[in-house]
Amino acid sequence: MNTLLTFSLPLLFSSLVWSGYLEYDQDVLIPDDWNHGGRVDPTDQLELTFALKQQNSNLLESILGLVSDPDSGLYGKYLTLDEVSSLVRPSKLTQKVVHHWLQSHGITNCLTVHTQDFLQCSMTAAVAEKLLPGSNFHRYTRDGHSVVRSSAPYSVHDDVHEHLDFVGGLHRLPPKGQDLSQTSSHREMKQSEAEVHLGVTPAILRARYNLTAADVGTAQNNSQAVAQFLEQYYSPADLAEFMGMYGRSFQHLSQVDRVVGTQGEGKAGIEASLDVEYIMSTGANISTWVFTNPGRHESQEPFLQWMILLSNMSDLPWVHTISYGDDEDSLSTAYMMRINIEFMKAGVRGVSLLFASGDSGAGCRHVGKENSFRPSFPASSPYVTTVGGTSFKNPFKVTYEVTDYISGGGFSNVFKIPDYQASAVDGYLKTTAATLPPQAYFNTSGRAYPDLAALSDNYWVVINKVPVPWVSGTSASTPVVGGMLSLINDQRLLQGLPVLGFLNPRLYKLKGKAMFDVTEGCHLSCLDEQVQGQGFCAAPSWDPVTGWGTPNYPELLAALLAE
């Protein structure tokens, strides 16, 4: 039910695309798990975000390519926030037209950002509906959490259409947390064998990826971060307990250095705890920040708020890991294109953005009687590094890794394949041609993901002072890879080298060197007669289930320290 409107809207509004509908292909259906709380009062205050058209986005992309390519003379020569701002700042005309439009509706309570390409404005619901014809604001609740969104598409005046990318706060609901505790009935305990373990802990990860007790951070100017968009928070007491139980064999920190945003109240969330505990035990002894979103206004989009924060902070951690995603087809093209520019703005500053690939395998989209795979965004963005998931071949021994059947992966239906991965993807499509799913299910010319992977199955997490087993998902593998990249940044900084920044161009040039190749297993997809629940399968070299495989840390460190 939730996808019907995505296809009908472009047909309905195709003639109106140039008549003010900035996001004509945005899915505006409210999912069934949100309860309708009625129309908002016309005097209720809303906070909407106006994404002003930027300048020089093509030049920004070129610069990102140069500073991220180890064969370029500009490799590692990153820009400051002021330099990024000078490059992308909206034209004076754009700023004047948008400000005048808002002021003509009596909207004067607005905040901007350093790059001047976002405006966040407060107004009543009545004013918002007049400003944005077609919009219709309602309140929706789920699990005690309330949001305000429009149940219909919005338009803007023709005069401002060319000066805006989108307006945030009308669509796009906060994601629902994954059920990360997956007690798998098909995995039986085998406690009699040698080197047995009962789940993934920091010690198991260090053993598998060849990190020693000496592999901890020591550089003063290094930091890493996790970003969270769910209504949950990590518990400092749980983090201290986790490190006391599982961090004894290596030097570590037991406290987060900085929380940006407001921590929620109530019990700690399992995903928040997982992210913080594993980035801090893998990227051990490195200053860690947590970006968190509770306490925001009902009409704000949590992910967008984080992106705006990055646009406004001159001092940022070098590595960010994010376990968040939406179906590509549920988002407007205008929104995704603009978010990609935000990713590029981070990349040219030397920031590495790592996103979880998702926990639905290739995904599945049902349209009429036809099925196709369902890529996820931002996992499918060409400007981030996407992390998939693996399992041990024997779940209770430190063995080689195979595909975790939930590991998100596939091909974008929106973004074309970037140059840095073209030959790797072409190699996969050619060598596996005989066993690939039918081509009607995926776009062979789209950006392919993930880029690499790590263990994502059967983690131990401390939550509410209790160790909890069987926690799984690519939201486990992503902070683990992030922690390892932070350790490599640490060594680069100690040697006077620039940080890694946007990793993909360099990662693909390694062609699998320094990685444990994962060649067994497939991930899940549509349950139908044609593919029978099977998506793509792992293969030698790069594949759309585990990317280049999982890191062999000492070899990856050596490869990424070489100039």
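Heads up, the Cβ atoms here are built off N, Cα and C, so glycines get one too.
Straight from TrEMBL, the features:
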- 1-19: signal peptide (SIGNAL)
- 199-563: domain 'Peptidase S53' (DOMAIN)
- E271: active site, charge relay system (ACT_SITE)
- D275: active site, charge relay system (ACT_SITE)
- S475: active site, charge relay system (ACT_SITE)
Check the active-site residues E271, D275 for other C-beta atoms within 10 angstroms of each C-beta and report the one with the most. D275
Determine the mean pLDDT over the domain 'Peptidase S53' (199-563), rounding to the nearest whole number. 93
For S475 (active site, charge relay system), the number of other Cβ atoms found within 10 Å of its own Cβ: 31
Rounded to a whole number of Å, the separation of the Cα atoms of S475 (active site, charge relay system) and D275 (active site, charge relay system) comes to 7
